[in-house]
Amino acid sequence: MKLLAVRRLLRIQRVVIRYQLDELLLELPLPFWLRALSWLLPWRWLPRRPLALSRGARLRLALEDLGPIFIKFGQLLSTRRDLLPPDIADELARLQDQVPPFPEDQAIALIERQLGAPVSQLFARFDSQPLASASVAQVHAAQLKSGEEVVVKVVRPGLKPVIRQDLAWLFLLARIAERASADARRLRPVEVVSDYEKTIFDELDLLREAANASQLRRNFEGSPLLYVPQVYWDLCRHQVLVMERIYGVPVTDLATLADQRTDMKLLAERGVEIFFTQVFRDSFFHADMHPGNIFVSTRTPWSPQYIAIDCGIIGSLTDEDQDYLARNLIAFFKRDYRKVAQLHIDSGWVPADTKVNEFEAAIRTVCEPIFEKPLKDISFGQLLLRLFQTARRFNMEVQPQLVLLQKTLLNIEGLGRQLYPDLDLWSTAQPFLERWMRERVSPLHLLRNLQQQAEQVPHLSQIARDALERLQRPEPPRESDARDQWPLRLLGAALIAAGAVQGLAPLLATWPAWLMVGGGLYLVLRR
């Protein structure tokens, strides 16, 4: 494990040198001591040819070079446009999660181990050539004994140790960034990596994806808007997922959609309707709706139906978040900025002591230029993004569910405008939101709320008792976990080795080498 970590560290070091990412880091407002420490790096004493690439391109190429786990991390970062400069976010959005397939014998062995039977007994036909291959899994076509055409998704073998290793380095870099820079602390890098850790391990559990797909299918059962393939539960395990095979037109294949006379305006509007239905009716939305996961049914082009696959990432909102979000959007389009500011404070998204007048003025400054455009040119996703960026200046806590929502909305909106450039998102969404708000205050909804609250009454005394016990019980002092220390010690070992190499080089000064050795010894021996 430690040998793997050292090899991985050296690989990261080579990529940093190749794409001159240290120069990129020095563009940040680093403290003096960290900027001075950067001169201890051996490669900074050697002549280097400047790269004719933008900083975003260098970062994207470096992540692609480091492999699938870093690629997926870059893809996650690209959705955090509230944190990143636009040029870097745009480049990271170009990252492609395409890797060579792993051998068919490994896929078959894993399927047979997970399902406890030979593939020949499980399927009438199993295609050894995968339909698609990505960093986490690959997909094979097959046919069940009963005749149904299916796809078999298989998790890539040996991923977990590599993921844990890469996450350890990402956490280390995030902690160093938080300690070194106030600007970095504002971006909460440790929280971003934690979010990625949850996402990547969720994607490794195909039973979770199967459950998500089943729920989404049930939510839209019989709907003309969205179709979700059937899951074959008796053939699903943590590393194997078997689903109905679908046949549709990729949503980006505009030529084929036009050839079959698809109603593009209705298709674009239905995409928006699906999004708002998932968010507000179901509070359960597909949060990975990029074009590769969306198809269009060929059955009824005059009344087009979407097909969604890959339900590994799902978002949900609490009742309170749904309510505040709907009221925020309605207030935005009425240009009631004071209400928007007050809703953010009431929801707890920004601190309670935030000055409403100042927050209102900041929102107005950002949003007024947007509303000078025609409604069809206004981006809902960009509106939310600008709002998050403004709220960040007022210490808005990161809301993971809202980040997923904003990312999904940007995808749906971009897709809708690609299908039908004159799509007026607000005209499509407004009736839905206003109807949903009316239903929230209907007598039937209020009665349901009363019933739910009445069910909690018998448990109130136990809840109060548990709360008092927690207050009386002192929290044990936190101890540093030794597992969190080993990346620092490995980094120290690398510094010692690099310092020794530099000290032996006759063309370079030796004082940086001694400092590197000293710093490395400190990291290795510290408790």
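Any Cβ shown, glycine's included, is placed from N, Cα and C.
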If Swiss-Prot says Leu131, Ala132, Ser133, Ala134, Ser135, Val136, Ala137, Gln138, Val139 bind ATP, which of Lys145, Lys153 does it name for the same site?
Lys153
Within 10 Å of each Cβ, count the other Cβ atoms, then let me know which of the binding-site residues Leu131, Ala137 comes out lowest.
Leu131
Rounded Cα-Cα span from Ser135 (ATP binding site) to Asp288 (active site, proton acceptor), Å:
15
Please give me the CB contact count at 10 A for Ser133 (ATP binding site), counting all chains in the structure.
17
